[in-house]
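> Sharing the feature lines straight out of Swiss-Prot:
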BINDING   79, 82-83, 87, 89-92, 107-115, 119  5-phospho-alpha-D-ribose 1-diphosphate binding site
BINDING   79, 110  anthranilate 1 binding site
BINDING   91, 225  Mg(2+) 1 binding site
BINDING   165  anthranilate 2 binding site
BINDING   224, 225  Mg(2+) 2 binding site
């Protein structure tokens, strides 16, 4: 580790193998806290290179508890958090809509970062058993077509760096890595970022690590979701393209014939309040902006699953998922199956 720290102190980049070595040293518990702090702050000050981030991500994935899925088109919707907007749980709601439309969803998440209610918090309030280990999650994926992968259970090696991260109290490259390290090994993702530059970096990392179809994004109103209150910058990588490279484009709700709405209409609250909002959307009771933003994010998730012809078809499928009751069924089934898995 001393040699790697000297390289950083000299202002030189780590090679990809050196980044892998540094991460393996941290994840195995072999690094001293002061060395971890020096590495994190040295790279934060200088700025990480793509090779460094790819090496870190690759190794963090190797240290995760692996979850098997039968469906190679399994998707995930997650984000870095930290957008400070305190919206309801948009990507979690969209996950159930996507599952109701036929996608297999391995939802990777944690407790709250910047709001009162993270994905784990709202799912717990909805009666989903979140503290499932590998076998329980695999059971949910097989029986319900959707599962929640509670990050602390699947990234146990992170305990070696958590005290330093908490003590530093600033964003580091670990804030970027988490959403890129789904334990189910998904190659199809929607990943929201806390700024546009980070979204662009994340798509390049995923492209280097054999993604099939991914979109990273950041909205002009600050959301790490596809927004209906502002335009959203998307960075898309599709390995099936004739010339597969990350491409960027901007979308507003008008592109999908949806009305713009103030970001205040998307405001959430406590886990219990967000659970009520989510259930009202899935039941079809809420026909307003919250439904629209959930549909939009579900549509882009279905888009990266490549199960529908185009985005318009994805949006129609998302609406049908709610209107047919399939999205609500996906929630109720996960709640039931997750409890079965916990009791086994």
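Numbering starts at 1 and runs along the chain as it is shown here.
From the backbone N, Cα and C atoms, a Cβ is placed for every residue, glycine too.
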> Secondary structure at residue 91 (5-phospho-alpha-D-ribose 1-diphosphate binding site) (DSSP, helix/strand/coil)?
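DSSP assigns residue 91 (5-phospho-alpha-D-ribose 1-diphosphate binding site) to helix.
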> Calculate the distance in Å between the alpha carbons (Cα) of residue 108 (5-phospho-alpha-D-ribose 1-diphosphate binding site) and residue 225 (Mg(2+) 1 binding site), and round it to a whole number.
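For residue 108 (5-phospho-alpha-D-ribose 1-diphosphate binding site) versus residue 225 (Mg(2+) 1 binding site), the Cα atoms are 15 Å apart.
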> In whole Å, how far does the CA atom of residue 79 (5-phospho-alpha-D-ribose 1-diphosphate binding site) lie from that of residue 225 (Mg(2+) 1 binding site)?
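Counting only the Cα atoms, the answer is 8 Å.
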> Near residue 79 (5-phospho-alpha-D-ribose 1-diphosphate binding site), how many other Cβ atoms are within 10 Å of its Cβ?
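So the Cβ neighbour count for residue 79 (5-phospho-alpha-D-ribose 1-diphosphate binding site) comes to 25.
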> Across all the protein chains here, work out how many other Cβ atoms are within 10 Å of the Cβ of residue 110 (anthranilate 1 binding site).
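For residue 110 (anthranilate 1 binding site), the count of other Cβ atoms within 10 Å is 19.
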> Take the Cβ of residue 87 (5-phospho-alpha-D-ribose 1-diphosphate binding site) and count every other Cβ within 10 Å, whichever protein chain it belongs to.
25
> Within its own chain, what residues at least 6 apart in sequence put their Cβ under 8 Å from the Cβ of residue 111 (5-phospho-alpha-D-ribose 1-diphosphate binding site), listed in sequence order?
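Non-local contacts for residue 111 (5-phospho-alpha-D-ribose 1-diphosphate binding site): 118, 120, 121.
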